[in-house]
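Working notes, beginning with the structure itself.
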């Protein structure tokens with residue numbers, strides 16, 4: 001049977017959604033374990049910073065390898081790459097259960113990020129190949145909803161497993177084997193993407209100029225994704241310590257509170273099409289940044305568990321809108337032949353924001369304090385929201 005004749009079904013959608021969930025669960029499922037993990041490796045030099053890198057180091061390898069993944073998906077068959085990445089994700093993630101060396105654990109997290117880079121880019125490419133127009137936006141909304149619900153369930157489960165030991169949440173990565181078995185039967189190789197005609201360049205300078213022009217075309221999308229993800233990643237890297245040290249709550253409460261972020265992401269992902277009906281892409285970006293900023297401001301001003309839940313709902317709502325908005329923006333800008341590479345760079349900038357987050361926030365925490373850091377970041381987000389509110393940009397195709 002010629003695979004290009006197949007059309008995506010509900011089974012295909014569910015496979016895409018389960019693979020997409022790995023890109024969320026990969027970095028964050030062990031977040032409830034962070035305080036105990038840091039205490040376990042307290043004798044290791046700089047354990048306070050390195051323990052947070054366990055959460056964010058995958059973002060570094062995703063940042064590096066996502067553009068390479070985009071080139072790979074543009075040049076080779078997509079399905080074998082995605083399936084191999086799923087197996088690597090499971091092995092690298094679950095290895096943390098057995099490792100008792102902080103540096104070895106960091107290496108395993110870097111490898112996990114490589115697998116996640118190919119999964120995150122592959123999901124975006126498959127959605128672009130399988131679906132078009134309004135159908136694609138509906139799939140994006142439903143995908144984010146499914147990712148957020150799955151993230152909420154696993155975060156609560158991770159918090160409960162962390163009550164047993166900081167090692168147990170690593171076992172959740174073995175679920176990737178089940179996803180592999182399902183995806184192998186549910187997905188199909190999309191029709192080959194027409195290649196763009198090659199343009200002759202007379203010099204290296206012209207090649208560089210062409211590359212910069214290509215990147216400039218997508219610059220607003222990439223910058224927004226980078227900065228929003230950097231601000232959002234304050235939640236998994238700093239909130240566990242806020243709950244444990246300032247609110248004096250147990251690990252199970254960390255998972256529940258962070259799950260509220262995922263649930264808000266889920267709800268506002270489903271609401272995206274309605275919001276899009278009366279707000280432009282740029283205004284949605286502005287509103288989403290304000291929501292994240294409001295959430296961080298509430299955390300910085302009101303120090304109670306109830307206020308924290310409201311704040312994390314605001315943060316999740318903002319991220320839920322931004323993730324779909326950025327993908328829609330990119331699909332409007334990119335041609336079919338540009339899509340794999342463009343989406344690879346988008347994934348790279350998103351996870352670059354994750355990786356850079358502790359390097360921005362941790363010095364502020366040390367200089368001013370944890371509470372003050374939340375207030376400072378909220379002010380920055382409000383300023384950026386104002387920029388995108390008045391930003392015009394190039395007209396977009398529907």
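Using the three backbone atoms N, Cα and C, a Cβ is placed for every residue, glycine included.
Look at TrEMBL and you will find 12-395 tagged as domain 'Major facilitator superfamily (MFS) profile'.
According to TrEMBL, the transmembrane segment annotation covers 12-34 (among others).
Distant neighbours of the transmembrane segment (54-74): 26-28, 30-31, 34, 37, 81, 102, 105-106, 109-114, 116-118, 120-122, 125, 193, 233, 236-237, 337, 340-349, 351-355, 357-358; these residues of the same chain sit at least 6 beyond its ends, with a Cβ under 8 Å from one of its Cβ atoms. The transmembrane segment annotation in TrEMBL covers 54-74 (among others).
For the transmembrane segment (81-99), the list of distant contacts is 19, 22, 26, 30, 69, 72-73, 105, 108-109, 111-112, 114-116, 118-119, 122, 126, 167-168, 170-177, 179-180, 183-184, 187: same-chain residues at least six beyond its ends, Cβ to Cβ under 8 Å. TrEMBL lists 81-99 (among others) with the feature transmembrane segment.
TrEMBL lists 111-131 (among others) with the feature transmembrane segment. Residues of the same chain lying 6 or more positions beyond the ends of the transmembrane segment (111-131) and with a Cβ under 8 Å from any Cβ of it are 8, 12, 16, 19-20, 22-23, 26-27, 57-62, 64-66, 68-70, 72-73, 78, 81-82, 84-86, 88-89, 92-93, 139-140, 143, 173, 187, 190-191, 193, 327, 331, 336, 339-340, 343-344, 346-348, 350-351.
Using a Cβ-Cβ cut-off under 8 Å and counting only residues 6 or more beyond its ends in the same chain, the transmembrane segment (143-162) has close neighbours at 16-18, 20-21, 23-25, 28-33, 36, 123, 127, 168-169, 171-172, 251-256, 258-260, 262-267, 269-270, 272, 316, 320, 323-324. Residues annotated as transmembrane segment in TrEMBL: 143-162 (among others).
What TrEMBL lists as transmembrane segment is 168-188 (among others).
Under 8 Å from some Cβ of the transmembrane segment (214-234) lie the Cβ atoms of residues 56, 59, 285, 288-289, 292-293, 296, 315, 318-319, 322, 326, 329-330, 333-334, 338, 342, 345-346, 349-354, 356-358, 360-361, 373-374, 377, 380-381, 384, 388, 391, 393, all in the same chain and six or more residues away from its ends. Summarising the annotation, TrEMBL assigns transmembrane segment to 214-234 (among others).
What TrEMBL records for 254-272 (among others) is transmembrane segment.
The transmembrane segment annotation in TrEMBL covers 284-302 (among others).
Sequence annotations record features per position, and here TrEMBL assigns transmembrane segment to 308-331 (among others). Under 8 Å from some Cβ of the transmembrane segment (308-331) lie the Cβ atoms of residues 124, 128, 136-137, 140-141, 144, 148, 218, 220-221, 224-225, 228-229, 232, 235, 239, 242-243, 247, 257-258, 260-269, 272, 275-276, 281, 284-285, 287-299, 302, 339, 342-343, 346, 350, 396, all in the same chain and six or more residues away from its ends.
Here TrEMBL flags 343-361 (among others) as transmembrane segment. Sequence-distant contacts of the transmembrane segment (343-361) (same chain, six or more residues past either end, CB-CB distance under 8 Å): 27, 49, 52-53, 56-60, 62-64, 66-71, 73, 113, 116-117, 120-121, 124-125, 128, 215, 218, 221-223, 225-234, 237-238, 326-327, 330, 334, 373, 377.
Positions annotated as transmembrane segment by TrEMBL: 367-391 (among others).
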Q: Please give the sequence-distant neighbours of the transmembrane segment (168-188): residues at least 6 beyond its ends with Cβ less than 8 Å from one of its Cβ atoms.
A: 3, 6, 11-12, 14-16, 18-19, 22, 25-26, 29-30, 32-33, 79, 82-83, 86-87, 89-90, 92-97, 112, 126, 154, 157-158, 161-162
